[in-house]
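Asks: Feature list, courtesy of TrEMBL:
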BINDING   355, 358, 369, 372  Fe cation binding site
DOMAIN    353-379  domain 'LapB rubredoxin metal binding'
TOPO_DOM  21-395  topological domain 'Cytoplasmic'
Ligand SMILES: [Zn+2]
């Protein structure tokens, strides 16, 4: 607990507004003189008796701006250490003090809201943040926190309301987030068979973000459900053209749509694959080529791709095909299987998606990053292009 006291000082300083211009030494000198009980409280901290220290701090009859600042710093520190119950006790006590300045009370309310969020008490946190917005205190941060709560609770309509308030307050538009909220509402409508409701939400998403790829994707699925294969193919191909990230999401539905249309899947996939490096597209194309033109043609196709792109999944399929191909000298199969084992081992450890914002790695597409909560930042990890002589570049 000794480190708690010393940690407290930098936390207080880092918190900006209340210690920005003050000398920590002056604070240490002033506090014990003005508040003898404070020194005892700090001693309890030094003696690793945090609950005794908190009891003493909470019993102080007078909480002026100086002591309130230290309470805030202490509460914030406990929360950061994961000791949310202690943080809540401190911040609750502060909020209940009648003579606190509006600004300090607002800060204490915000901190208490953060504590409640940390403890998973989202309803209580929501009430506090709403109170702050009503009071006009720390409105922007309170609205951000409310947006996070509503996102966690998947209350997309409320997310839209808060986003509109944030846009007004900051003057900054949030088209990506708002389009995703409409898409979430569209997916909910689809789940309850409300096609008309889903279409309304998708048109709203488009109004906010005209090139919203998620809306295009959902429109494609709805077109396929309506047996409008031509429209579905057009929409899914538009999604694929937007990049490798979205290919796995729509590829099976795209192939089904092309088949329903009675057109050649290989021709469609070849055209799409010429425009980008998506390994999923190449794997699907390779499978189709193997079925229609034979394994040699599929091997040639994959070899051409691997000459340009260093992708493990395509390499794995290539080696698998090779291990099942001709074996004139009796060794080719064994060698291919050894290489296949290595490729499969490495493939299992490879992440397929990553967040461009925080670096989070995932094996499935997330519209909202599970780590940093950003929308639309999770993208496919693309294969590196092969440049020149790969072996020579290793020297
Ligand atoms: Zn992230």
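Using N, Cα and C of the backbone, Cβ positions are placed for all residues, glycine too.
These figures come from a predicted structure and were not determined experimentally.
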Asks: Cβ within 8 Å of the Fe cation site's Cβ centroid: which residues qualify beyond 355, 358, 369, 372?
Replies: 356, 357, 359, 360, 370, 371, 373, 374, 377, 378
Asks: For the domain 'LapB rubredoxin metal binding' (353-379), what does DSSP give as the number of helix, strand and coil residues?
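Replies: Counts, helix then strand then coil: 0 helix, 9 strand, 18 coil.
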Asks: Roughly where does the topological domain 'Cytoplasmic' (21-395) sit in mean pLDDT, to the nearest integer?
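Replies: Mean pLDDT for the topological domain 'Cytoplasmic' (21-395): 88.
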Asks: Using all protein chains in view, find how many other C-beta atoms are within 10 Å of the C-beta of residue 369 (Fe cation binding site).
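Replies: Its Cβ shell of radius 10 Å holds 21 other Cβ atoms.
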Asks: Across all chains shown, how many C-beta atoms besides its own are within 10 angstroms of the C-beta of residue 372 (Fe cation binding site)?
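Replies: By my count, 14.
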Asks: Which one of these binding-site residues, 355, 358, has the sparsest Cβ neighbourhood, judged by other Cβ atoms within 10 angstroms?
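Replies: Among the binding-site residues 355, 358, the sparsest Cβ neighbourhood within 10 Å belongs to 358.
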